Amino acid sequence: MTLHTDTIVAQATAPGRGGVGIIRVSGPKAKDVALAVIGKELKPRYAEYAPFKDENGLELDQGIALYFPNPHSFTGEDVLELQGHGGPVVMDMLIKRILKIDGIRTARPGEFSERAFLNDKMDLAQAEAIADLIDASSEEAAKSALNSLQGVFSNKINTLVESLIYLRIYVEAAIDFPEEEIDFLADGKVSGDLQGIIDNLNAVRKEANQGAIMREGMKVVIAGRPNAGKSSLLNALSGKDTAIVTDIAGTTRDVLREHIHIDGMPLHIIDTAGLREASDEVERIGIERAWDEIAQADRVLFMVDGTTTDATDPKLIWPEFLDRLPKNMGMTVIRNKADQTGEDLGICHVNDPTLIRLSAKTGEGVDALRNHLKECMGFSGNQEGGFMARRRHLEALEKAAQHLDIGQQQLEGYMAGEILAEELRIAQQHLSEITGEFTSDDLLGRIFTSFCIGK
């Protein structure tokens, strides 16, 4: 356990007006704060109603006080929580009062969670889950974040790490004792155990990818020529009139954003200005912003007005658009206005892109598009027992998988035990970065400073 010598204070509840506001204090002087503000020692882990006083004994507020001595607290240190009235002025007066006590400072963003991590109250993935739970934008995301906080993700990682450790011991024993009559590397155990670890890792990667989608969502840009129905599609997907829709080409001049959920999957929809030769400076800026959004998208919905062309292949519809589209960008062709053309609604493939025929105006075919977007991201929607994951987690899992693949190739091709042992060690290190067992101070700083103050 790493007990800090300084004591920190911050408001744990969100800033602004509320019925209740909570001040959190953590560190060796938490008990001194209770004596100074309340005037007496508090019984550990009991809620006590008391007045909160300034240095002159004048009452600032009154509320509930709770004291948690180390190590049985959120941070693993002595912790005091003062639950008062949630007005910003009241909270500010209480914090200023506490800061007048020597040896107490304002907490940095995420410092309470950081201390909990450093004091082994939780691992790094669990600490990150606190922020994810607070930021959850759907019920499904909240459940996944809570699972991570309860250790579902960490337990899977720890199981993989333990398996790697046992396999490393076996492989290194085979290297260190070559005089043994049994060829440990050729007896099939190492190969079988390694394949089992790879299979389990791939299963965790699949779950983690779902968790990352749940956290970060999918950025979809609707692009195409003016008056193709882009704004109508934005309204149809979001279920509200976010964008102005008229028969006048070029009505949308700037980027419009809407955030929705499809069976729990966050979807960031972006409607852009119609792409054409700009008629004025305002339109030119809007078109450039449209291309900027396209460059950052996970997928582009290429809108086509079905009443203007019978073509379905984007190479025939607008080759210049494809030429400027970023390489490897996922694209779906949307033939709009099926209510006017009489085309059959549905999904099919034209060369590589998927083609969807729909009517953004009537909403026919839009459900097929929603299901298509889930499939594009590999989102199952079934997150019972799932966990939240971040991009850094996916990167660590990917690196671990790469090194296990290299080790497997060396084992099967050359019986290279030394190289296999090294690849196992590196894979173990990458997995341990997820829970924080092997993590640089720089990474810890970047993770915890992204938290709210008071968390």
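Residue 1 is the first one shown; counting continues down the chain.
In case you wondered, yes, glycine gets a Cβ from its N, Cα and C as well.
Pulled from Swiss-Prot:
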type	residues	note
BINDING	R24, E81, K121, K455	(6S)-5-formyl-5,6,7,8-tetrahydrofolate binding site
BINDING	N227, T246, I248, T251	K(+) binding site
BINDING	227-232, 246-252, 271-274, 336-339	GTP binding site
BINDING	S231, T252	Mg(2+) binding site
DOMAIN	217-378	domain 'TrmE-type G'
Residue, out of the binding-site residues R24, K121, whose Cβ gathers the largest set of other Cβ atoms within 10 Å:
R24
The rounded CA-CA distance in Å from E81 ((6S)-5-formyl-5,6,7,8-tetrahydrofolate binding site) to K230 (GTP binding site) is 51
Over the domain 'TrmE-type G' (217-378) the mean pLDDT stands at 82
Alpha-carbon spacing, K337 (GTP binding site) to N227 (K(+) binding site), which is rounded to whole Å:
11
Between the binding-site residues K230, K337, the one whose Cβ has the fewest other Cβ atoms within 10 Å is K337
Between K121 ((6S)-5-formyl-5,6,7,8-tetrahydrofolate binding site) and K230 (GTP binding site), what C-alpha distance do you get in Å?
50
These are the binding-site residues: N227, S231. Which one scores highest on other Cβ atoms within 10 Å?
S231
Here the Cα-Cα span from R24 ((6S)-5-formyl-5,6,7,8-tetrahydrofolate binding site) to N227 (K(+) binding site), rounded to a whole number of angstrom, reaches 55
Suppose we draw a 10 Å sphere around the Cβ of E81 ((6S)-5-formyl-5,6,7,8-tetrahydrofolate binding site). How many other Cβ atoms does it contain, all chains included?
20
